[in-house]
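So that you can see what the record holds, here are the features copied from TrEMBL:
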- 54-304: domain 'G-protein coupled receptors family 1 profile' (DOMAIN)
- 7-26: transmembrane segment (TRANSMEM)
- 38-61: transmembrane segment (TRANSMEM)
- 73-91: transmembrane segment (TRANSMEM)
- 111-133: transmembrane segment (TRANSMEM)
- 154-176: transmembrane segment (TRANSMEM)
- 209-234: transmembrane segment (TRANSMEM)
- 255-277: transmembrane segment (TRANSMEM)
- 283-304: transmembrane segment (TRANSMEM)
Amino acid sequence: IQKPQLLFPVMATPNGTLVHPAYFLLVGIPGLGPNVHFWLAFPLCFMYGLATLGNLAIVLIIRMERQLHEPMYLFLAMLSTTDLVLSSVTMPKMTSLFLTGIQEIEFNVCLAQMFLIHALSAMESAVLLAMAFDRFVAICHPLRHASVLTRPTVAKIGLAALIRGFVFFFPLPFILKRLSYCQTHTVTHSYCLHQDIMKLSCTDTTVNVVYGLFIILSVMGVDSLFIGLSYILILRAVVDMSSWGAALKALNTCISHLCAVLVFYVPLIGLSVVHRLGGPTSLLHVIMANIYLLLPPVVNPIVYGAKTKKIRSRVLRIFSLDGR
């Protein structure tokens, strides 16, 4: 089968003719041969299955159990839904790349995947902030929790997270389309990211750099700042509690959320730093990028399933009924 033409002119502009590739080439893990990539596809399939089943189970359990229709669990359902979609956007294509070795991804498909990855990551960041706010109100102002975080308020927060993720990252595909790509067309990861595609351009990328930095600071940066502030206030409230038992019980309700925050933000910050520093893409870049996208959808349902008593008891009840 003949491959499509690699580069083709799109439109004439005052600065010249825009040239876009018909496709980009994705890479797996640098330094590993096709045979190793082939065998890595199987644990990746297992991770995708685990992420899908785990997040779907949490969403369905919270949906069916009326006693779980509380702010903490409703936010958890939002987090699991976001993880479910995010893993479906990335893992199947990565598995196909590792199994078949087919690296091509169409130009517009790559831009669509890039938009979904960034928008869904912003939504997940917003949900983690909402969960931090829920813990802050529950621990620092327990008597006001029911009146502050009502179901309509929770729904509005979820809608705001969705709209913000869409609005902030919707311009990215269009500002990438205004660039010409006349050099290499190999994306340095197993999926499409704004920073990677931008670096393939042979025209001025100042707009992309400035806007990319603006949204990463105003979205993930602001969210992480307020999450940190929430936990500072929570720690102050816990220290002032009269008994160690009450303090430990309050902190125990935050462990799952803290794990989710660390799993999401640590690889994200590391990936942003190595991209901003520039230089050739290393094995560390690729591993950090894969951890950033693959780990949260797998780890979050395990942590919340193990640490959240109501969800854990519901899962155990389902398995005990199946065993009879």
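Note: Cβ is positioned from N, Cα and C throughout, glycine not excepted.
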Same-chain residues at least 6 beyond the ends of the transmembrane segment (255-277) whose Cβ lies under 8 Å from its Cβ atoms: 79, 121, 124-125, 128, 131-132, 135, 195, 213, 216, 220, 224, 227, 231, 284-285, 288-289, 291-292, 295-296, 299-300, 303-304, 307-308
Chain residues outside the transmembrane segment (111-133) and at least six past its termini with a C-beta under 8 angstroms from it: 72, 75-76, 78-79, 82-83, 85-86, 89-90, 93, 105, 154, 157-158, 160-162, 164-166, 168-170, 172-173, 176-177, 191-194, 197, 215, 219-220, 223-224, 226-227, 230-231, 257, 260-261, 264, 268, 293, 296
Contact yes or no, the transmembrane segment (73-91) and the transmembrane segment (283-304), 3+ Cβ pairs under 8 Å, gap 6+: yes
Across the domain 'G-protein coupled receptors family 1 profile' (54-304), average pLDDT on the 0 to 100 scale: 88
